[in-house]
Amino acid sequence: MDPSPGLEDAAGFAGDPDGFGRLWTPHRMAYITGEHKPADPEPGSCPFCRAPGRSDADGLVVHRGEHVYAVLNLFPYNPGHLMVCPYRHVSAYVDLDAAELAEFTAFTRSAVLTLKAVSDPAGFNLGINQGDVAGAGIAAHLHQHVVPRWQGDANFLPVVGRTKAMPELLEDTRARLADGWVSDPVA
């Protein structure tokens, strides 16, 4: 039995065909090599520590709580890509105190409810990339991603054109989400 059905002859290339398709994303190499990451993980140079000190519009802050805040991702995967961040400069989920953890969880839920009400996505990716090796762009400051997803929202443009089509300006998205913020009814 052919172990690689559907593959064309790969003679002359290193490696054995394995039947998996590949999505090549060479633009991600800049991220892997650390380009544009803050060199100093201290609070003074941390974008998540600086954002709350700016106006909501300038810092892309959508909603503020006592211990955490919701902010738009400056480099979103999709329109409405939010992050929930503690004000305190902490890198590990397990280092959140009880009050921070409760509000972090409530804000994540509120972010999902808000995005559902304002943008009606078909689904969500929720996640924390804790540590450089796990893919955290800013590993020194914990943050939870809330990424709305729609059917067909992934296409060839980021791979081929190194461009992500965003149908709305960040400041307009921030204003819509801030105006439509749904406070967590469970909290």
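Easy rule for this one: first residue shown is 1, then count along the chain.
Keep in mind that glycine also has a Cβ here, set from the backbone N, Cα and C atoms.
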In TrEMBL, which of 51-55, 106-110, 116-120, 141-145 is tagged motif 'Histidine triad motif'? 141-145
Intrachain residues whose Cβ lies under 8 Å of the motif 'Histidine triad motif' (141-145), provided they are six or more past its termini: 41, 46-49, 73, 81-86, 89-93, 95-96, 104, 108, 125-130
About how far apart, in whole Å, are the alpha carbons (Cα) of H143 (active site, tele-AMP-histidine intermediate) and N73 (substrate binding site)? 11
Counts of helix, strand and coil residues, the motif 'Histidine triad motif' (141-145), according to DSSP: 0 helix, 2 strand, 3 coil
Cβ neighbour count (within 10 Å, all chains shown) around N73 (substrate binding site): 18
